[in-house]
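Enquirer: Questions regarding the structure given below will be posed in turn.
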Amino acid sequence: MLAQSPRSTPLPTPHLTVLNTYLKPKLLTRLEKRVRRNTVVALKELGQQIQETKCRRERLLKDSRQLLEEKYRVWAENQLFMGYLRQNSEWCEKKREALWRQCAQECGEIERRRQELASRNAQRNAALQAQLLWGRKTQEDLKQQLQALRTIFKVKERQDMKMQALEKEKEKIRSETAAKDQEAHMQFLQEKALMEKELEELHLMQLGKISAKGLRRKHQALALACKQAHFEFCGSLHRENQQLRKELQQLSQEYRVVEAVRSQLEKQQQLVKEEQWYLEALIRGRQRLQAGRERMANPVITHASRKGRYKDHAEQQIKNKFKLTATVSD
């Protein structure tokens, strides 16, 4: 509507009204008419410009009102947004302060636990060092015992060889004794036959058929020979029996000594195995406990991992030395 108003017939302006009233065309000269026409044209253009200016002013006022309304809406939205940002900033500040307090508290707790773990690791390292020294001392003692046992084992081997030789000698003596018994039995049979013959001669002598003097001499000679043979045979058997008893008694004593040493070594070996099992169980338990504490304390995992690697290295050395000791004892 406002844009089409300049194209419609313009209304007479006050200037044109005054001009038409005081300067009537019938009363004017040619020059005045020309001036009047130029003035009318100028006034019309001026009125048209005034109308256009009014239209532009109205549009500008309308645009200004719209801009003011938009500005008010934006200001209201900005006020709401600023209020939200203010509240959010206050909440973030409170949250940040709470997080800082929590972080400081957690750092204090972590530092306390780190110091506690460091103290425990120092104690464990001291205990492991003591166990390592004890293991080295035990290993040296076992080496010395092994060196002493080698001599004992050599003596035992010699005694075993001697025992085997004595067993063979015993079997040989048994076979020789059986042969001698057989020989003595044969000799006894021969002597029995002679005695029967002598009894027969004695019987004949009683009957008066044989001289008693010659028979008595023969009987005395045979009795003396039999007694001499029996004495020599029994004496040799007694001497051999005494010698065998002495050797068996000596071997029995040596065997008891070796058996006692072997029993002591078995007990020591069992104690070493039990100590090794105890150390392995202790190491596994400490490793599990250390792993659980490392999972619970991630901020100090680097320090704990270095301590754990050192502890694992020391424990592995102890295990290897105890395995070597057990192998040597076996």
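Glycine too: its Cβ is placed from the backbone N, Cα and C atoms.
Sequence annotations record features per position, and here TrEMBL assigns coiled coil to 43-70, 139-183, 234-268. Taken from TrEMBL, the feature domain 'DUF4515' applies to 77-282.
If you look at the structure here, what lies around each of the features I listed?
Expert: Per-residue confidence over the domain 'DUF4515' (77-282) averages out at a pLDDT of 79.
Sequence-remote contacts of a segment are chain residues at least 6 beyond its ends whose Cβ falls under 8 Å from one of its Cβ atoms, and for the coiled coil (234-268) they are 142, 145, 149, 152, 155-156, 159, 162-163, 166, 170, 173, 177, 329.
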